[in-house]
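Input: a single structure, listed below in structure tokens.
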Amino acid sequence: MKPKLTIVKIGGNVIDNPELLDSVLADFAKLENAKILVHGGGKLATRLGEKLGIEAKFHKGRRITDQAMLEIAVMSYAGGTNKSIVAKLQALGVNAIGLTGADGNLILSEKRAVKTVDFGFVGDVRKVDSEALRNLIQCGFVPVFAAITHDGKGKLLNTNADTIASEIAIACSDFFDTELLYCFEKPGVLANSEDGDSVISLLDAELYQRLKAENKVHSGMLPKLDNCFRALENGVSVVKVGSEKLLSDQNSGTKIQP
Ligand SMILES: Nc1ncnc2c1ncn2[C@@H]1O[C@H](COP(=O)(O)OP(=O)(O)O)[C@@H](O)[C@H]1O
Ligand SMILES: CC(=O)N[C@@H](CCC(=O)OP(=O)(O)O)C(=O)O
């Protein structure tokens, strides 16, 4: 039997709320099996850009990463955010090691080709080195990934944190029984995105299509759920979306069904 590996992704709204962040990290520290943390932090990067006079640009909710924004993203995700999360985990007794995809060539990606929109320096993941990750975990390290990868030719690329988490989970399924948990600021996938009491406990592909058609699932939840289904179709055992409670309560949030 393969050992269990839990991959937890935390989004920008969790990182932005110090109490929520501390609570997620405390629960993450308590997980006894092998684990990896992946974090976003888009909102913080937007604010850092504003302070430096660089305005964030989006197309249909997705960031456009020009050279100036790439520098902000690297400073923010791989710098301040990543290192402060690592320090907090160290204080909780977790031997966290902060990483981008460039470190140890762990995540190789390719700059997105320009079709109708030029997203700039955005990377689509091509390869995750699951063997190197396994070695790090076996040495006792807990990898903490920022949303930055590289192209192998010297260029760092901004990469969606939800996608990094699902690609890591898929690749690590070679060696581990993988569980992928997406923690964000709401209690799960909601039947009505404004009503926190409308959590859908089980979501399959058919229900997802219906919710999409009815516009009940929209914006950031669409790529998140696409990543969830892709993970389940590619060897990941368990995928859930929910609040910080996902880490401590088995029955919390939304379980995604293949
Ligand atoms: N049906 C839904 N249930 C819950 N959230 C939804 C739903 N539809 C859209 N959303 C939106 O999706 C957002 C989560 O996506 P995103 O902002 O990308 O997450 P993260 O904080 O993990 O980066 C929520 O803040 C919410 O506004
Ligand atoms: C290419 C791309 O989408 N990059 C994201 C990376 C950060 C991220 O994913 O942050 P959240 O998880 O907080 O949304 C961005 O710059 O917004």
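Heads up, the Cβ atoms here are built off N, Cα and C, so glycines get one too.
Site annotation for substrate in TrEMBL covers GLY41, GLY42, ASN158, and the matching candidate from ARG62, ARG63 is ARG63.
In terms of Cα spacing, the binding-site residues GLY41, GLY42, ARG63, ASN158 all stay beyond 10 Å of LYS9 (site 'Transition state stabilizer'). Across the structure, GLY42 (substrate binding site) and LYS224 (site 'Transition state stabilizer') are spaced 14 Å apart at their Cα atoms.
Here LYS224 (site 'Transition state stabilizer') is positioned 15 angstrom away from GLY41 (substrate binding site), judged by their C-alpha atoms.
Under DSSP, LYS224 (site 'Transition state stabilizer') is assigned to a helix (H, G or I) in the three-state scheme.
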